[in-house]
Amino acid sequence: MPSYTVTVATGTQWFAGTDDYIYMTLVGTEGSSERTLLDKPLYNDFERGAVDSYAVSVEENLGDIELVKIEKMKYWVHDDWYCKYIAVKTPSGDYIEFPCFRWVVDDKEVILRDGRAHLPQDDKTRVAKQHRRKELEIRQKTYRWKEWHPGFPMSIDALSHKDLPRDIQFDSEKGVDFALNYTKAIENLCINQFMHMFQSSWGEFADFERIFVRIKNTISEYVMQHWKEDFMFGYQFLNGCNPVIIQKCTNIPSKFPVIHEMVADCLERDLTLEEELKEGNLYIADYAIMEDVTPNATDPCTMQYLASPICLLYKNSQNKILPIAIQLSQTPGEDSPIFLPSDDEYDWLLAKIWVRSADFHVHQTVTHLLKTHLISEVFAIAMYRQLPAVHPVYKLLVPHVRFTIAINTKAREQLICECGIFDKANGTGGGGHVQLVQKAMKTFTYKSLCFPEAIKDRGMDSQEDLPYYYYRDDGIKVWEIVKSFVTDVVNIYYDSDETLQRDEEIQAFVKDVYGHSHTPSFSKSISNFEHQYLKAKCMIKNYKLFQFDWCSWIPNAPPTMRKPPPTKKGQVDVKFIVESLPDRGRSCWHLGAVWALSQFQENELFLGMYPDEQFTEKSVKNAVETFQKKLSEVSKLIKSRNEGKKLPYYYLSPDRIPNSVAV
């Protein structure tokens, strides 16, 4: 009587094991096995991290094993089980892997294909085609679209984290409880005595040190020491928390009437302002998107203010970027002066603070929330709805959307919802952040997700012009490695553009992203893999991990301002500036937020780490190995470059880039 040896691996997560009844059926081309009970309650099989083996006897050889069917039945109460994989050794000695990497919940079944990836047109048998179709039908009922706010990219139809499908929930919801984590962060930073002191101003800049966590030789300490200096202000446009705003200035806009006489003392090359412009030495940061955004009004005892500044930047003879003119509104005039380095010290300092505050808001809401979290969720939902687990693009993408839907759902539940934690300290709380996303969506393009194109569109692509733009240099290196890896993998399965065009599932995926991103620049279909679709998805970054370094010294990144932008020069002193900055309570909530949001997840997976082996083919494993080697080489180069630097740049080192947006 033929016998098959079945090996079952249980996950290592907490509560991954089960005491429920587990049944299995092998489905082959020549027949199926009997429904076999693998585990009885209290037999100590299927425990967390266990690898258990069983013999399955059959009357006749089953032929090629097409499917493995797993069923779980309740013993006492439902006890969810996380199955990593099942391996089957046939009577002839063949070894077949069936990746699972999902939860088996309630009295439900999971049906697995072997680990080889297949395009839909490659499936020839009725069993394979039927399984593929049924899997997607179930997924499309489970992963449903919902509009959170008008004009936003669509999100998952779930009110809370517990409403999500078990497969995309966090292993431990407690670990991502924003309210709990923020409070813990405030306690760990020993600043909880200030957290309820709203409306209570600090006395002077030095008072902010009372809540500042000083960790020797860190960027945050360097920022605290140098934040007032123009070079530090300019440097952050290149390598700070939000290095995507600065662009080459090709003409000085009429709404920002800077003339040569205003800035002549700042220019170092004996050229006029117009000549410096033609030479390519001027850059601009324009926060027009902030205009008319409603400030936070959730606390009637504290007025909060926003500005939409424009900043002109100059590349000096040492290739440093320095600010030379700032206007705090989009409308020039008597009540909107252009602030200059030659002005009174505090006028100039406050103008720079207003720019830093606007930059913080745009970073948090546009760069981070929209372009990292919300767009990633669109790709994730479309992937689950349109690509079965056997599809090569599903296998390629699924590690890069791990916990993305979960973190976004948790944020909508606690952080950025009405009366959420975001409202406590942020000037765009209370609805301003919603307006910002809606405004950003009007000009948001797919091209902005493609790293080299985004850099080039801002005129920032020349390494000769800007030799110290590490964000660009490291990002392009990583992009090219990701591009090469994605190309290597997809070329294994798609031998021609025609093969791609005939793949109904990938076309449905692209169409789903297009229809629910609310971004017309996204494609409705994909005709060749020169298209950047998958490369962009794998490169969407978690910019949030920059935050503590650059935003923990609050005067450098104020989350709110309590006095309006100045309309005259010569009326500002230190007291006015300190009273403009966040009060003690908001300062503490802000510091707790940037600390909590800058921490990696427990058991974080970084770019190129694939402990769940979705692919079983040797050719893909070789591509993964090459990918990992290239990433390691870049990490070593970045580490070498940073040695001895007071301001190291390591954010785009592959060994620090999370595999997915999950923080």
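Backbone N, Cα and C define each Cβ position, glycine as well.
Copied over from TrEMBL, here are the features:
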- G17, D79, D80: Ca(2+) 1 binding site (BINDING)
- D39: Ca(2+) 2 binding site (BINDING)
- H368, H373: Fe cation binding site (BINDING)
- 2-118: domain 'PLAT' (DOMAIN)
- 117-663: domain 'Lipoxygenase' (DOMAIN)
- W103: site 'Essential for stabilizing binding to COTL1' (SITE)
> Within 8 Å of the centroid of the Cβ atoms of G17, D79, D80, which other residues of that chain place their own Cβ, given that this set defines the recorded Ca(2+) 1 site?
Replying inline: F15, A16, T18, D19, D20, F46, W81, Y82
> Roughly how many angstrom lie between the C-alpha atoms of the residue listed as 'Ca(2+) 2 binding site' and D80 (Ca(2+) 1 binding site)?
Replying inline: 14
> If you count the other Cβ atoms within 10 Å of each Cβ, which of the binding-site residues D39, D79, D80 comes out on top?
Replying inline: D39
> Of all the binding-site residues given, namely G17, D79, D80, H373, which is spatially nearest to W103 (site 'Essential for stabilizing binding to COTL1') at the Cα level?
Replying inline: D80
> So what pLDDT does the domain 'Lipoxygenase' (117-663) average out to?
Replying inline: 90
> When a 10 Å sphere is centred on the Cβ of H373 (Fe cation binding site), how many other Cβ atoms does it contain?
Replying inline: 24
> Expressed to the nearest Å, what is the distance separating H373 (Fe cation binding site) and D79 (Ca(2+) 1 binding site) at their Cα atoms?
Replying inline: 32
> Taking just the CA atoms, what is the gap between H368 (Fe cation binding site) and D79 (Ca(2+) 1 binding site) in Å?
Replying inline: 37
> Across all chains shown, how many C-beta atoms besides its own are within 10 angstroms of the C-beta of G17 (Ca(2+) 1 binding site)?
Replying inline: 21
